[in-house]
Amino acid sequence: MDYLAPERLELPGVEANVEGTLAAILRREDHDSFPGFDPYPPEKAEDTEFNRKYPPDRFGEEASDTARVWKVYRGEATEADKVELDGWNKTLDVLLIFVRLLNWQPICI
């Protein structure tokens with residue numbers, strides 16, 4: 001892939017900046033340290049209500065079967081299901097009352 005070499009990418013009137021190319025950056029010793037990025041999580045999680053309810057996973061166990069994402073999913077799904085089932089229950093009660101009233105109509109006429 002020498003056709004991508006910096007010397008072949010020269011444009012007329014543009015000075016080649018070999019130091020700023022991706023290849024030059026990857027050759028540096030400190031290529032894995034980006035300013036403001038910490039690849040390791042902090043030692044102690046922030047004390048918030050969410051972290052108290054769903055404690056964070058240990059480093060490296062974020063994709064396990066007992067990961068926090070599944071606990072959060074189960075909690076949120078339970079709350080959503082409660083609201084949905086309550087709405088269906090109330091609708092069904094109204095429909096049953098309406099059907100019951102319609103069943104009495106032939107007797108009254």
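Just so you know, glycine gets a Cβ as well, placed from its N, Cα and C.
Automated prediction, rather than curation, is the source of TrEMBL annotations.
Residues annotated as region 'Disordered' in TrEMBL: 30-60. Look at TrEMBL and you will find 41-60 tagged as compositional bias 'Basic and acidic residues'. Marked as domain 'DUF6535' by TrEMBL: 70-101.
Across the range of the compositional bias 'Basic and acidic residues' (41-60), the DSSP-based residue counts are 5 helix, 0 strand, 15 coil.
Summarised as a single figure, the pLDDT of the domain 'DUF6535' (70-101) averages 90. Broken down with DSSP, the domain 'DUF6535' (70-101) shows 32 helix, 0 strand, 0 coil.
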